[in-house]
């Protein structure tokens, strides 16, 4: 009898826990994805803060020349970063217990791998949690689909690119100047500015910003006035009201006259699908581009291929970019290479008589 009561009580406790986890009445929805998201993101955030403040220098290139990244070792907010895991570790899974000591783990950049892997798991669970809450509320799933774009971008630079290059040391540093360094080296080694998928990503981000500003300003400018001229139009609304707040017909008419008729949407759903799809698809393409360049399928390199009828080279901006890439490649990791890879790959001229 006692055993039966204990089992019922434990089942009841588990049932109450399940109901609490999946309840949409909580101030913040947790969900089953949240059970994994909360500890992983808390771990990533905590280790990031501690390492950004106090981590010792890291031997990023694996040549016994540690690079400082924390505030206590001379950096500021702009120059500071979590330095990527050492090239000596490569792609090996490197938790604390795999190192001989905590000092060795810190010297080899163990915190970077810990932060990145927990962060990627956490943001993936956040995306799943968006879908889960939408499902519980009977909503459509497109919020999580839209969020998949930044998740794909983060996965590309923190995981796919290091896998393709063979080492977590090639991942993006977790800091402002470190991000810029990553971008410059990426351009030098992969010519990303000449990659069509990066161009689509630029169009997606800049175009999305433009369309967002246009939409917000149009809606704000075409509010249906519910008040007199002597009081704010904002006073005529309450949060969550059923009635339309703005007149899409008026906005459509304004924009159609400003540019031309078919440049404007007269259907709210089509308009908002476009506002969502444009930046999301652009960022998807950029993430796909980085994931292919990770395996050295690089941007266009015309190599002085534009010639006149006599075969003479016509210099283009593409050739200027190639020269800039060589300069950037010469300067990065100066003590790890004697020559940039592009120069070292060329066969040496014969010196015989």
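Glycine is treated like the rest: Cβ placed from N, Cα and C.
DSSP assigns residue 198 (chlorophyll a PD1 binding site) to a helix. Listed in sequence order, 192, 286, 289, 299 are the same-chain residues at least 6 apart in sequence whose CB falls under 8 Å from the CB of residue 198 (chlorophyll a PD1 binding site). Residues or ranges marked as chlorophyll a PD1 binding site in Swiss-Prot (evidence: sequence analysis): 198.
In three-state terms derived from DSSP, residue 215 (quinone binding site) belongs to a helical segment. Shown in sequence order, 271, 275 are the residues of the chain, 6+ apart in sequence, with a C-beta less than 8 angstroms from the C-beta of residue 215 (quinone binding site). Summarising the annotation, Swiss-Prot assigns quinone binding site to 215, 264, 265.
Residue 272 (Fe cation binding site) falls within a helical segment according to DSSP. Taken from Swiss-Prot, the feature Fe cation binding site applies to 215, 272, supported by sequence analysis.
Swiss-Prot lists 2 with the feature N-acetylthreonine.
Look at Swiss-Prot and you will find 2 tagged as phosphothreonine.
Using a 10 Å Cβ-Cβ cutoff, residue 161 (site 'Tyrosine radical intermediate') registers 22 neighbours. Per Swiss-Prot, the feature site 'Tyrosine radical intermediate' maps to 161.
Per Swiss-Prot, the feature site 'Stabilizes free radical intermediate' maps to 190. If you take the C-beta of residue 190 (site 'Stabilizes free radical intermediate') and look for same-chain residues 6 or more apart in sequence within under 8 angstroms, you find 293, 296, 298, 299. Annotation note: residue 190 (site 'Stabilizes free radical intermediate') sits in a helical segment as assigned by DSSP.
Within its own chain, the transmembrane segment (29-46) has Cβ neighbours under 8 Å at 20-23, 114-116, 118-119, 121-123, 125-126, 128-129, 131-133, 136, counting only residues six or more beyond its boundaries. The feature transmembrane segment is assigned by Swiss-Prot to 29-46 (among others), with sequence analysis given as support.
The list of residues near the transmembrane segment (118-133) in space but at least 6 beyond its ends in sequence, with Cβ under 8 angstroms from a Cβ of it, reads 24, 29, 31-34, 36-37, 40-41, 43-44, 47, 139, 141, 143-144, 147-148, 150-151, 154-155, 158-159. Among the features that Swiss-Prot reports, transmembrane segment is placed at 118-133 (among others).
Marked as transmembrane segment by Swiss-Prot: 142-156 (among others).
Sequence annotations record features per position, and here Swiss-Prot assigns transmembrane segment to 197-218 (among others) based on sequence analysis.
Residues annotated as transmembrane segment in Swiss-Prot, with sequence analysis given as evidence: 274-288 (among others).
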Candidates 264, 272: member of the binding-site residues with the richest Cβ shell (10 Å): 264
Rounded Cα separation (Å) that holds between residue 264 (quinone binding site) and residue 161 (site 'Tyrosine radical intermediate'): 40
Residues from the same chain, set at least six apart from the ends of the transmembrane segment (142-156), whose C-beta lies under 8 A from its own: 119-120, 123-124, 126-128, 130-131, 134, 276, 279-280, 283-284, 286-288, 290-291, 294
Same chain, 6+ residues apart, C-beta under 8 Å of the C-beta of residue 265 (quinone binding site), given in sequence order: 252, 271, 274
